[in-house]
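Notes to accompany the following structure.
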């Protein structure tokens with residue numbers, strides 16, 4: 001029987017003023033032929049995917065996340081290259097990568113420890129921070145070696161991270177349930 005509990009993740013939301021221009025530039029680039037484009041209000045950098053959870057588990061995690069937020073100052077995130085996950089001939093995911101960022105890595109590690117202590121499982125795959133832009137390549141040729149789309153010097157201040165609930169049949173589909181202001 002499928003688990004009907006809501007699904008959640010923890011992530012850093014991308015401000016609308018950053019998300020909208022990225023969305024327009026990527027979606028209007030003719031060589032980026034993907035079937036499903038992520039709504040710009042859903043742009044985020046995932047820290048941890050939690051999966052199905054009940055209210056008790058979420059409440060248990062909330063206090064730990066608030067404590068983490070009080071220990072980390074707001075920080076700048078600079079975005080680098082656009083890239084894909086999956087076979088380059090038919091990639092699954094188009095994403096924008098943030099440049100290496102020690103504070104983002106620290107936030108992820110602290111969040112991971114809190115999630116484990118709250119009894120959640122954490123994916124064993126290596127962590128690759130990214131902002132998903134689109135899914136399901138539809139091009140006839142593979143993903144190009146050079147993409148003229150440039151994020152330029154796109155940067156943002158990460159002033160909070162959030163616990164998101166996923167609503168699969170809505171658009172936008174991610175709802176910020178709890179916001180944790182960095183201090």
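Using N, Cα and C of the backbone, Cβ positions are placed for all residues, glycine too.
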Inset, instruction - Out of 36-39, 40-43, 44-47, let me know the one Swiss-Prot marks motif 'HXTX 1'. - result: 44-47
Inset, instruction - Tell me the Cβ contacts of residue 130 (active site, proton acceptor) under 8 Å, same chain only and six or more apart in sequence, or just say none. - result: 45, 46, 83, 85, 95, 96, 97, 98
Legend entry - residue 44 (active site, proton donor): secondary structure state under DSSP, collapsed to three categories: strand
Legend entry - CB within-chain contacts under 8 A for residue 44 (active site, proton donor), separation at least 6: 11, 12, 13, 14, 131, 162, 164, 174
